[in-house]
Amino acid sequence: MPYPNSPFVENFNSKLINSLLVEKSENKKTISNDDLNKILKWLCSSPKLTSIRVNTLKADVEKALQTIKSHFATSQPLKMFVHPCLSNTILIESEDISKKTFPKFEKEIIVDTECGCAVLRGAHIFAPGVLGMVSGCQVDDNVSIYADIAKKCKKGLQKVYEGQKLFIGNGRVKMQRHQLFGKNITSSGVAVEIMETISGCLAISDNVLSLGHGLLQNLPSILCVQALTPLPGDVVLDMCASPGNKTTHIAELMKNEGTLIAIDKTPRKVNQLKIRCKDFESEVFAFQADSTSIVEKENHLNSRNVTDGPPFLAETFDKVLLDAPCSVLGKRPQLANRMSENEIKSYVPLQRKLLEAAVDLLKPGGKMVYSTCTITLAENEGLVAWALRKFPNLKLVKPDLSLGGRGWTGSSLTDEELNMVQRFGPDDEVDSVGFFFACFLKKI
Ligand SMILES: C[S@@+](CC[C@H](N)C(=O)[O-])C[C@H]1O[C@@H](n2cnc3c(N)ncnc32)[C@H](O)[C@@H]1O
């Protein structure tokens, strides 16, 4: 596979990455170089499965499957099916490209690494992602596409790029240089239509289905909401909710019956959340707040209703989802990550504060799911170990549908506890992004 061996291009060495994957204070063990290399390589590659969650509040899964199949009727037949355990989820297998050879066209397009990753996950190339296009490119020309791994390509380059670049696939030009580059030009729309990529992933977007009928969502994200088991009539809190991918799933499982509160700290993101909920016909009360301080400790709010928004009295919610802000190191593929060590390590204190609020707000007997889309031990198993020590009234439980792998060693979690948390890594059955979630009950 022609992917790089590590997404960390600068300022990173294996000692540092190792420090993210072991909890120094509790266990001095380091992971082996072989394991580390496997993880890093895996992060650079694309998942082989694409999943679409159908919003059953608005759409029928079988009809959605037929719509997606007919959308690709002219291209190579690919395996598309409803997940055997998740009746609202359609899986699409990527084409097997292990024996495929890709022609290299003389004309090249350079895209930034973010755009390159999106292409490898099945997106077309949108105008803002294009950095270079050799001069003379005409609409409908075939071009080879490269991601700027070195991050040194100047916007508007018209020659062949000499910096470090990764071939990601071939496509057909839809916009010319003068539409893309130049003073006062802010272009939008598809600049290059993708024909084939080294990931074998189909070019697919959310709008293959009608608005609000479904969305591209990674399988572990779907599983983590499933593990929360929101039911009609429940009072549920989604503490870090925008853009609402999981909120809309919770609403779907609640069949819009009960009370669903969704919070995000950033005003702009709360607007995005509201729009998504409206498109999905999800009945949600969305608020802007910092979820670390939404608990009203004094009991003088008796006249307030939960739907009035934060602050909330302790022990208000039957279910709480804490899909925490995290270092996002589980994203796949990653081509050139330049996050600093300090930034990576900055999330744990915030995650702890959010989890403290979650525990306060949960009713005795209630359920909480903590999730991240990162791989570091401290934000995952380490956080769970801390929570179990700090809150003796929390009990770790294994979700009924546990398709994730075992937790990674290195924290103080016992073998039994490692079997309860859900890790999605390179050795696990679900070939998806790096993800983690854990399910807790609050003891009565
Ligand atoms: C992992 S994303 C959530 C993704 C979302 N759950 C979904 O599935 O669509 C984390 C979110 O937490 C929000 N956030 C960060 N700090 C927060 C805080 N202190 N209180 C509330 N939201 C916060 C961020 O704005 C971001 O939207």
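Heads up, residue numbers simply count up from 1 along the chain you see.
Yeah, the Cβs are placed from backbone N, Cα and C, and that goes for glycine too.
Nobody curates TrEMBL annotations by hand; they come from automatic prediction.
Sequence annotations record features per position, and here TrEMBL assigns active site, nucleophile to Cys373. Counted within 10 Å of its Cβ, the other Cβ atoms near Cys373 (active site, nucleophile) come to 24, all protein chains included. In three-state terms derived from DSSP, Cys373 (active site, nucleophile) belongs to neither a helical nor a strand segment and is classed as coil.
Sequence annotations record features per position, and here TrEMBL assigns S-adenosyl-L-methionine binding site to Asp264, Asp290, Asp323. Its own atom aside, the Cβ of Asp264 (S-adenosyl-L-methionine binding site) has 26 Cβ atoms within 10 angstroms in the protein chains shown.
According to TrEMBL, the domain 'SAM-dependent MTase RsmB/NOP-type' annotation covers 133-443.
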Largest separation between Cα atoms (Å) of residues that the record links to S-adenosyl-L-methionine, namely Asp264, Asp290, Asp323: 14
Chain-internal residues, separated by at least six, CB under 8 A from Asp323 (S-adenosyl-L-methionine binding site): Cys224, Asp238, Met239, Cys240, Ala241, Lys246, Ser371, Thr372
For Asp290 (S-adenosyl-L-methionine binding site), nearby residues of its own chain (Cβ under 8 Å, 6 or more apart in sequence): Lys265
Three-state secondary structure, Asp323 (S-adenosyl-L-methionine binding site) (per DSSP): strand
Cβ-centroid neighbours of S-adenosyl-L-methionine site Asp264, Asp290, Asp323, 8 Å, sequence order: Met239, Cys240, Ala241, Ser242, Ile263, Lys265, Ala289, Ser291, Pro325, Leu354
Local backbone state of Asp264 (S-adenosyl-L-methionine binding site), from DSSP in three classes: strand
